[in-house]
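Structure first, commentary second.
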Amino acid sequence: MRQLYPAIAPYQSGMLPVSALHTIYYEQSGNPNGKPVVFLHGGPGGGTIPTYRQYFDPSKWRIILFDQRGAGKSTPHAELRENTTWDLVSDIEKLRSHLNIDRWFVFGGSWGSTLSLAYSQTHPDRCLGLILRGIFLLRRKEILWFYQDGASWIFPDAWEHYLEPIPPEERDDMISAYYRRLTSKDAEIRSTAAKAWSVWEGTTSRLIVDPSLQSKFADDEFADAFARIECHYFINRGFFETDDQLLQNCDRIAHIPTVIVQGRYDVVCPMTSAWALHKALPESELIVVPDAGHSMMEAGILSALIDATDRFVAQKTNGKI
């Protein structure tokens with residue numbers, strides 16, 4: 001099993017204005033002359049953490065992390081205005097141009113895989129390779145599975161806590177019920193809903209429930225952005241034109257070397273989506289981790305991701321891995 005690379009600090013960081021309203025935090029670490037890779041975090045609304053730098057050999061990669069609109073250190077915090085998938089795709093291009101990078105590798109898991117696909121299908125000429133994990137295509141059935149009826153059969157205990165802020169008469173549409181509370185002007189209503197929404201995902205993200213992950217997801221500031229922005233995207237169906245847009249447009253990226261890492265027992269983003277993506281991208285490499293759930297910190301997923309980044313960085317730019 002592979003282990004994380006040693007912890008490193010960024011060699012440069014900054015705030016990049018991307019609209020009159022939004023400014024995003026970004027950072028660079030590793031080798032300034034290495035192969036560039038942009039890390040797209042999950043959620044949406046999850047933000048970046050220092051550990052994400054450690055999935056890449058710092059002597060060979062130029063590692064770019066940034067907080068998407070409303071998340072992490074980006075401002076304004078938890079802002080829903082001017083916050084859509086296509087705003088984020090535009091921000092990625094603005095960041096690439098700001099850093100004078102012609103083409104780069106794209107790494108993303110969960111919602112980060114959604115955004116990676118949306119970005120690469122919009123700008124395929126800018127992508128050298130894709131490393132995707134815990135595939136989320138933001139189709140209606142995926143949303144219903146996790147937030148309405150499906151994952152609840154596997155985690156009925158945690159599901160009860162998720163239900164608590166919503167009265168029984170509103171539970172036929174949990175996304176809408178949560179959205180009303182997460183956009184409430186009442187801070188207490190908003191906070192209660194944000195924590196319940198966020199902790200539900202934190203509880204279900206690993207094959208073996210991790211209490212430390214639950215406490216992270218219960219943090220007030222994290223939960224506020226995470227829950228509000230997620231629910232905003234999901235009630236708007238990801239701002240996609242069709243339910244399976246990301247699968248329909250796979251022909252645009254069929255030539256891009258792609259690795260898909262998927263936990264067999266991922267409850268948050270079930271393997272059916274990774275399987276559908278792999279079939280739509282038959283040249284992709286699908287790695288199924290047999291003893292893992294959703295989290296990129298689970299040993300088998302972590303090992304497969306680091307192995308993939310090592311293989312990518314060792315190959316010539318246009319070569320398959």
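Residue 1 is the first one shown; counting continues down the chain.
The backbone N, Cα and C atoms fix where each Cβ goes, and this holds for glycine too.
Under the heading active site, nucleophile, Swiss-Prot lists S110. Counting only same-chain residues six or more apart in sequence, the Cβ atoms lying under 8 angstroms from the Cβ of S110 (active site, nucleophile) belong to G42, G43, R133, G134, F136, V268, C269, H294.
The active site annotation in Swiss-Prot covers D266. Look at D266 (active site): DSSP puts it in coil.
Summarising the environment of H294 (active site, proton donor), the number of other Cβ atoms within 10 Å of its Cβ, over all protein chains shown, is 26. The active site, proton donor annotation in Swiss-Prot covers H294.
Look at Swiss-Prot and you will find 35-296 tagged as domain 'AB hydrolase-1', backed by sequence analysis.
Counting only same-chain residues six or more apart in sequence, the Cβ atoms lying under 8 angstroms from the Cβ of D266 (active site) belong to G134, A292, G293, H294.
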